[in-house]
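Chemist: This is the structure I have questions about; it appears just below.
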Amino acid sequence: MGLHGDGGSPAAGAGPWRSGALRGSVAVFASVAAVFTLTLPRSLPGGDSGELITAAHELGVAHPPGYPLFTLLASLTITLFPFGSVAYRVNLLCGLFGAVAASLLFYTVFRLSGSHAGGILAAGVFSFSRLTWQWSIAAEVFSLNNLFVGLLMALTVRFEEATAAKERSKIAAIGAFSCGLSLCNQHTIVLYILCIIPWILFRLLKEKELTLSLLLRLTLAFSAGLLPYVYLPVSSYLSRARWTWGDQTTLRGFLTHFFREEYGTFSLAKSEVGSSVSTVLLSQVINMKTELSFNIQALAVWANICLARKDRRKSSVVWLFTGMLCLYSLFFAWRANLDISKPLFMGVVERFWLQSNAVVAVLAGLGLATLVSETNRVLHCTGIRNLEWLSAALFVAYQVYSNYSICDQRTNNVIDQFARNLLDSMPQDAIILLRGDLPGNALRYLHYCEGLRPDVSLVDQEMMTYEWYLPKMARHLPGVHFPGDRWNPVEGVLPSGMVTFNLYHFLEMNKQKETFVCIGIHEGDPTWKKDYSLWPWGSCDKLVPSKIVFNPEEWIERTRAIYNWTEAYERFGPSSWESVANEEMWQARMKTPFFIFSLAESAAVPADVKAQLYTHAYKLYKEIVYLQEEHPVNWHKNYAIACERMLRLPGTGIDPEVLLSEAIRHFHLYTQKAQNDPQRADIIAALKHLRRELQSLRNIKKV
């Protein structure tokens with residue numbers, strides 16, 4: 001190829017070439033593994049981690065497409081590693097996957113260029129980017145996917161280097177098996193496979209080695225790689241897991257899960273409208289610049305420009321990698337049906353850019369090697385090699401320096417504490433109707449994997465609407481009575497014979513237990529409103545029979561110190577699950593005064609009760625607003641409105657000037673901080689009126 005960097009020419013000998021690649025890969029693995037192990041969280045991360053760990057712990061099936069390979073490897077790790085929490089063990093496994101991915105990126109670059117420095121640049125810049133680092137130390141499928149991306153690229157390079165037909169056939173078979181195995185983890189890698197397979201077949205055809213028997217062997221190898229999917233129907237048939245997803249005992253059920261039909265086969269989420277293709281692509285380029293730097297992007301482009309004039313055999317590999325990158329980016333931008341203007345959705349989408357960042361990092365490593373090689377050829381300066389090492393070291397060191405503090409998750413237990421607070425707040429033998437990924441995944445993990453609060457029963461609201469949920473899960477919820485086979489607002493018998501029930505009848509059948517919803521209640525079934533009310537219970541709500549009279553003093557006392565939460569407000573980035581958990585816990589402090597205030601606003605409430613409720617709401621709002629300097633901005637608005645209502649009540653015993661001053665101050669603070677509130681103009685108009693009223697009151701006092 002003409003590149004040699006610091007490792008000598010490929011022609012210098014296969015032995016030293018291979019040993020150099022192996023030693024370098026081991027060194028990269030050890031270095032990255034050490035950093036990842038040092039910084040990984042000791043407890044449960046956010047996102048899908050709780051659900052994936054629970055599925056592995058229970059030997060159930062994870063959300064579509066099932067991730068059987070990850071589930072089996074995580075289950076094995078949970079069993080074999082007897083130290084740390086269950087979450088820590090799986091976090092550690094994922095950190096090791098990330099380290100293997102780094103070593104494979106090094107191997108790929110070194111085999112293509114002979115440059116140790118280029119390989120270290122690719123492995124280090126990718127592994128220690130904020131995005132890769134963050135998702136390599138959490139119990140998620142992304143680090144294993146990165147491993148397979150690195151493996152497929154490394155095998156592609158080895159195939160291109162092979163000089164004998166037998167060796168090419170062997171590598172092709174290993175690659176086919178790896179392709180199948182990679183699809184047992186994350187399906188996005190199929191776009192890379194769709195580029196690599198035709199390229200391999202074309203090379204074999206060009207060498208006149210593509211025979212029917214070889215094609216059959218490759219097909220069998222690919223099929224063998226898919227064997228972990230046998231786990232799905234086996235687990236579903238045994239039905240021993242206290243948590244699982246779907247019924248894969250039938251071919252239809254298996255294909256529904258495999259093709260992610262409940263989400264949309266080629267979509268990230270169900271029933272979501274995403275940003276435009278151009279917006280997603282532009283965001284990807286900007287994100288890549290942030291994660292890897294503009295210099296890395298420039299080196300990746302340089303690799304393509306420069307290698308066009310070099311060894312055509314090797315350059316075809318580079319163009320293949322570039323084609324993979326372009327196809328993946330375009331397809332993903334088309335199918336990413338999430339609005340990335342929302343920080344949390346942006347956090348979901350950006351994880352899938354890891355797959356393209358890995359290719360860019362490899363191209364950048366090659367770009368550095370080609371740049372040094374070309375410069376050395378023109379200037380005949382041996383010191384350029386030292387500059388290559390210095391450049392690689394500086395890039396990697398800068399990545400570590402920039403991202404270490406944010407990626408050091410050793411003391412991050414926010415999701416764990418969030419779930420513990422919710423579970424600890426529940427009375428004995430309660431039923432919790434879960435809604436959403438955050439409470440659902442986190443509470444299930446603590447309940448099933450850590451054995452916390454075995455007395456409570458966790459029932460998923462969304463899952464109860466699926467036909468497979470209750471036939472699979474009801475047996476594992478012995479304290480809960482279900483009036484039918486599936487939750488549906490319209491009761492009856494479906495053509496399949498399934499009996500549907502609504503939430504009202506569910507509550508009636510479980511009157512012996514206290515029932516809570518966390519977080520929120522399914523809007524599609526309002527039948528519970530006939531005889532039940534929702535009372536605030538921290539982040540959750542309690543379903544209470546309407547005949548029970550609300551006692552504000554008693555409820556204030558019960559919910560005042562329901563959680564022990566000490567995290568500062570807005571401590572976490574808006575795209576993180578920690579931010580969502582923190583926001584929920586802070587807003588939980590406001591739910592009781594908001595509920596009491598809403599009751600006071602009701603026209604059916606007698607005047608004396610209305611005054612009592614307004615007073616309670618005012619005092620509670622004042623207490624939480626002045627408890628911390630930084631708090632949710634909507635508290636200012638709610639407290640100001642409460643002050644204004646108190647101002648109109650006779651005989652409150654509070655100086656009207658104080659109430660007016662407080663209302664003005666907090667309305668003003670709200671308008672400063674909430675620039676996008678559609679009611680902002682009305683609030684500003686109300687502020688002018690309140691200021692005139694305050695001035696009039698002060699004038700009267702002076703007289």
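Placement of Cβ uses the backbone N, Cα and C atoms for every residue, glycine included.
As listed in Swiss-Prot for this protein:
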type     : residues : note
CARBOHYD : Asn403   : N-linked glycosylation site
CARBOHYD : Asn564   : N-linked glycosylation site
TRANSMEM : 20-40    : transmembrane segment
TRANSMEM : 68-88    : transmembrane segment
TRANSMEM : 90-110   : transmembrane segment
TRANSMEM : 137-157  : transmembrane segment
TRANSMEM : 182-202  : transmembrane segment
TRANSMEM : 218-238  : transmembrane segment
TRANSMEM : 314-334  : transmembrane segment
TRANSMEM : 352-372  : transmembrane segment
Chemist: Between Asn403 (N-linked glycosylation site) and Asn564 (N-linked glycosylation site), what C-alpha distance do you get in Å?
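Modeler: The separation of the Cα atoms works out to 30 Å.
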Chemist: Apart from its near flanks, which chain residues at least 6 from the ends of the transmembrane segment (218-238) lie with a Cβ under 8 angstroms of it?
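Modeler: Cβ under 8 Å, 6 or more out: 59-61, 66, 68-69, 71-72, 172-174, 176-184, 244, 246-249, 253-254, 257-258, 472.
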Chemist: Contact between the transmembrane segment (20-40) and the transmembrane segment (314-334) is defined here as three or more C-beta pairs under 8 Å separated by at least 6 residues; is that satisfied?
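Modeler: Result for the transmembrane segment (314-334) with the transmembrane segment (20-40) is no.
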Chemist: Per DSSP, Asn564 (N-linked glycosylation site) is which: helix, strand or coil?
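Modeler: The three-state answer is coil.
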Chemist: Secondary structure at Asn403 (N-linked glycosylation site) (DSSP, helix/strand/coil)?
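Modeler: Looking at the DSSP assignment, Asn403 (N-linked glycosylation site) belongs to a helix.
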Chemist: Please give the sequence-distant neighbours of the transmembrane segment (20-40): residues at least 6 beyond its ends with Cβ less than 8 Å from one of its Cβ atoms.
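Modeler: Same-chain contacts beyond the ends: 7-8, 88, 91-92, 94-96, 98-100, 102-104, 106-107, 110-111, 116, 119-120, 123-124, 127-128, 133, 136-138, 400, 404, 407-410.
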Chemist: List, in sequence order, the same-chain residues at least six positions removed whose CB sits under 8 Å from that of Asn564 (N-linked glycosylation site)?
Modeler: Asn421
Chemist: CB neighbours of Asn403 (N-linked glycosylation site) within 10 A?
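Modeler: I get 19 for this one.
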